[in-house]
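Report on the following structure.
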Amino acid sequence: MAIRARSWRPPPPPLLLLLLWVTGQAAPVAGLGLGSDSELQIERRFVPEECPRTVRSGDFVRYHYVGTFPDGQKFDSSYDRDSTFNVFVGKGQLIAGMDQALVGMCVNERRFVKIPPKLAYGSDGVSGVIPPDSVLHFDVLLMDIWNSEDQVQIHTYFKPPSCPRTIQVSDFVRYHYNGTFLDGTLFDSSHNRMKTYDTYVGIGWLIPGMDKGLLGMCVGEKRIITIPPFLAYGEDGDGKDIPGQASLVFDVALLDLHNPKDGISIENKVVPENCERRSQSGDFLRYHYNGTLLDGTFFDSSYSRNRTFDTYIGQGYVIPGIDEGLLGVCIGEKRRIVVPPHLGYGEEGRGNIPGSAVLVFDIHVIDFHNPSDSISITSHYKPPDCSVLSKKGDYLKYHYNASLLDGTLLDSTWNLGKTYNIVLGFGQVVLGMDMGLREMCVGEKRTVIIPPHLGYGEAGVDGEVPGSAVLVFDIELLELVAGLPEGYMFVWNGEVSANLFEEIDKDGDGEVLLEEFSEYIHAQVASGKGKLAPGFDAEMIVKNMFTNQDRNGDGKVTAEEFKLKDQETKHDEL
């Protein structure tokens, strides 16, 4: 049920001295003392173990009773009306014997009371109901006590060690509760609905006692709030489950707290000493996170998926609170971002995130880049003689360690015990590496940082390189073999023989077969007269050269077909 405020009226004026109904129901009575039928007698048939409060003169009580004569004949019962008897004690609103008998009772205590005529209805009796000079017996069960001077009572039975913030007026809260009467009878529970009660505090959305009882609570705190009826639903009750003049007891556990004026809060957990760059709007981030509610309830984690969350920031791809909270982070930084619901998933929530929930994200930034980034090169060592620099077409042998920006090692040629060998500028490595190996001399050591759009992109390499990852390569160039001029796969180191075809055609039949051609080219390379492009399959180069000369494709080259490159620009051979 909703704990909403109702219009409140002060306690009613005193009841009549003799509480009689036209229906013939007499006011319940009880007494205090022992002795004969001429004295008030009380038998305490049940006393609860805990009795924090007893009835005093001036208190207002709610109790059930059964009234009988000594022979057992019933003359009245509150149970028959399915309603407690509600009255002030010690103010003359009851017969004297009952006024005395109720004093000292505990809630849930049961008393059997014998009231002599002089403390009941005396020699007059009640016409048609109670004969003159009747001894009256009452079986009384006390349900409720309060006093018009009572205030809200608060008992905190659990308080978390850390309490950075407490409920203030105008805060919005989410809490669970069990609502009972003073006798322990449950009338409502948010737990049964499996949904928190969500409301503003101190602006009249709640009954006055709850508005007051919630103030000062911490998230995670548990407290008992006891509310007298004039700060709850008053003399009329709520018209459904709560009777009039009922004291209410709420066992409250606070789960969440925020104010509509709140922004995000950021707590830096780990900030690297070296932070050369901080994230800005438009950057693309890869980060891990654990997501919890304010009370610690887990709702999501990138770690459980074994994959970072990858997104642009500052462009509306994530909730506003995270968009803001990820600005200004360093690579490797860990921070806690607390996001109020109006900067999170709002009143509706999403999935297992309830509506109006404050969210807590523990973030670990793995890397970030900007789509406009190029590679970054830092040279750590250059030999004294660093005049021959790598260029397109050169054949390179180098060692490297490949890692992510957070230091996670991906690959290492040193661990494999062999160099990595490529021809520069022929797409044998990712574009960023190709760029990073340019203008490098043998013996040089450098670090190349490659953004994903110049590396392995959004897809990455399954099981090896995460998607959208910035890569860091520590490189040492060990060997450089100069390449050939662009467009050539073979060049002569000296003058070309005027009788080149005849030299290749050793058998003099006027036709050169692939075997003859291959043997001749390899002989020229071996003698230093010619040079094949380094880093490529020599046989494939020779075969391509032969194919280019074999213009009719009959598997042999004639003198008519044979041309040098400078004689036939359409072909790359020789």
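Cβ coordinates are placed from backbone N, Cα and C, and glycine is handled just like the others.
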243-246, 331-334, 571-574 - the one Swiss-Prot records as motif 'Prevents secretion from ER': 571-574
Cβ neighbours within the same chain of Glu511 (Ca(2+) 1 binding site) - under 8 Å, at least six residues apart: Asp505, Lys556, Val557, Thr558
Proximal residue to Asn178 (N-linked glycosylation site) among recorded positions Asn306, Glu516, Asn552 (C-alpha distance): Asn306
Lowest local Cβ density (other Cβ within 10 Å) among binding-site residues: Asp505, Asp509, Asp550: Asp509
Beyond the site residues Asp550, Asn552, Asp554, Lys556, Glu561: chain residues whose C-beta lies within 8 Å of the centroid, for Ca(2+) 2: Gln549, Arg551, Gly553, Gly555, Val557, Thr558
Cβ neighbour count (within 10 Å, all chains shown) around Asn290 (N-linked glycosylation site): 17
